[in-house]
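In TrEMBL this protein carries:
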- 12-34: transmembrane segment (TRANSMEM)
- 54-75: transmembrane segment (TRANSMEM)
- 82-105: transmembrane segment (TRANSMEM)
- Cys145-Cys167: disulfide bond (DISULFID)
- 201-225: transmembrane segment (TRANSMEM)
Amino acid sequence: MASGGLTCVKYLTFFCNLLFALTGLLIFLVGGMVQLNYAHYSSFVSDHVWTAPIILIIVGAAVAVICFLGCCGALKESSCMILSFALLAVVIFLLEIGLGLAGYVKHTGLHQIMECQFNSTMQHYKERADYRDAWTLLQTELDCCGINGPNDWETIFRNSTLPAACCSLINLSEAKECTNVHATQHGCLQKLLEILDSKTLILASVVLGVAGIQMLTILFACCLYRSFRRSYDHV
């Protein structure tokens, strides 16, 4: 029969596993919300940056499976399941640390990455319908025009005409087309950068924060595994 100390560690490990599962759910929800709400802006952000929410969703789902091992191992006093849980949890922990650090590093170079994507999509605006749709959606939702302002479109249209999305409201008695006079003067790059900049920091903070809770769970799991081994050696 397990000693009082072993029982205490066992139930502490079980409780920490529940916290571990909640952190996985949190990671899953954060990744899902970012993907759901901002995926339509992916044309303006490079693919290797936009894979972060998808990776978070996968990690969050993996945590649920790992927690099952931890909870069953603690309740059944199975050293094999506890060891498997601890090893897999360490892998997830290291992956989350890597994601958090990568998010911080990419955050510092996000402006340059997005500027390249903005220029690329604008240069191919006339040739690609998906880029035209992306620009229309971006300029409509953020009430912005061009990369840094409406003058950016002059190199594309070679005249004073602008995409209709640049003008949220046109007085038909004054003009029938969207021009610089009626367009919003705010560029889209800075507006989208401010949104994604804050979300990147939130993602990195959430990942690093929950990693601390998970580290505590891993330590308890290791203590429980050691206690199980000692208990079996004495039998």
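Glycine is no exception: its Cβ is also placed from the backbone N, Cα and C atoms.
Around the Cβ of Cys167 (disulfide bond), the same chain contributes Cys178, Thr179, His182, Ala183, Thr184, each under 8 angstroms and 6 or more positions distant in sequence. Long-range neighbours of Cys145 (disulfide bond) (same chain, six or more residues apart, CB within less than 8 Å of its CB): Gln139, Trp153, Leu162, Pro163, Ala165, Cys166, Ala183, Thr184, Gln185, His186, Gly187, Cys188.
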